[in-house]
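To start, the structure under review is shown below, and the notes come after it.
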Amino acid sequence: MNKVVLLCRPGFEKECAAEITDKAGKREIFGFARVKENAGYVIYECYQPEDGEKLISELPFSSLIFARQWFVVGELLQHLPPEDRITPIVGMLQGVVEKGGELRVEVADTNESKELMKFCRKFTVPLRAALRDAGVLTNYETPKRPVVHVFFIAPGCCYTGYSLAHNNSPFYMGIPRLKFPSDAPSRSTLKLEEALHVFIPEDEWDERLANGMYAVDLGACPGGWTYQLVKRNMWVYSVDNGPMAQSLMDTGQVTWLREDGFRYRPNRNNISWMVCDMVEKPAKVTALMAQWLVNGWCRETIFNLKLPMKKRYEEVSHNLAYLQAQLDEHGVNAQIQARQLYHDREEVTVHVRRLWAAVGGRRDER
């Protein structure tokens, strides 16, 4: 199998294509990207027959910025007969996947695909039963086995393939299903909530998002991001010249500091989290984030970079490279991840975790 489907935000296909071409090429997995504007997906076609499987095995999915999900696929199945769509799909998957742990019948995240999604939901149940009978799926769902993907691009027209459970998005279509809390001050709260789901493993939440932690929210007004921190019982310094929602102030967990987020300097040395969603040039925000991390003013940070109209992948890459260079220069070992989230628009969200040990990823550093 030599094709990899990457789901992305509609309108960002070129960025997704540029990124996968760049990162696959650095691993000597060469190919070309098929791009259709506003389609919500990209197909990276490798030159070598087995390189699709090699790509999803060797390149960490967490290193991708513009892809929400990816999976390796075979040739496009077309003109599926309405009276029996299941048999051709089962036939394509037999011998490709054995004992998959989950089935996802998906579409791209576009308005045109909404009607098709209704069909996918109904189609999933009988298809799952047939795939279990054929040995393509296990008799029960398990997160330890490959995920089987059936991706419809039009009625009667789909790609079939799989992703690896340890190197994909755990979410259907790569989108966490979040509900807007009625008491939140703004919809931006969903950006931070999604970021926490995407960047922090669920089994580490109790330790890394613990009750009683101290946090700073730069550019906090009216408090959408502060709300998420308060909800996790943190003490929050909300920095903004604009007013905070009274409902947050009434919790007693928020200290409102009427200052410019770029000029504020923390007066305590036990801040676990700093978050930032300020509307400013990405280079200026990145420089500020580097300053916080180099000086050890926080342990972890989540921040947004607003994107220009052109060369968006290049802009993000340049800023992340600058941040990494600053950390390296000052001997700071850190983990950096970036993703264009479902709730992001013309922006990407970055998570950086400062590690105190020389070797990242140790259990006692989590």
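Placement of Cβ uses the backbone N, Cα and C atoms for every residue, glycine included.
According to Swiss-Prot, the protein carries these features:
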- Ser188, Cys221, Pro222, Gly223, Gly224, Asp240, Asp260, Asp277: S-adenosyl-L-methionine binding site (BINDING)
- Lys306: active site, proton acceptor (ACT_SITE)
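Long-range Cβ neighbours of Gly223 (S-adenosyl-L-methionine binding site) (same chain, at least 6 residues apart, Cβ-Cβ under 8 Å): Pro185, Ser186, Asp217, Ser238, Met244, Ala245, Leu248, Val254. If you count neighbouring Cβ atoms within 10 Å for each of the binding-site residues Pro222, Gly224, the highest count belongs to Gly224. Cβ crowding, taken as the number of other Cβ atoms within 10 Å, peaks at Asp240 among the recorded positions Asp240, Asp260, Lys306.
Lys306 (active site, proton acceptor) and Ser188 (S-adenosyl-L-methionine binding site) are 14 Å apart (CA-CA, integer value). For the pair formed by Asp260 (S-adenosyl-L-methionine binding site) and Lys306 (active site, proton acceptor), distance between Cα atoms is given as 18 Å, rounded to the nearest Å. According to DSSP, Pro222 (S-adenosyl-L-methionine binding site) sits in a coil region rather than a helix or strand.
Taking the C-alpha positions, the distance from Asp277 (S-adenosyl-L-methionine binding site) to Lys306 (active site, proton acceptor) comes to 9 Å.
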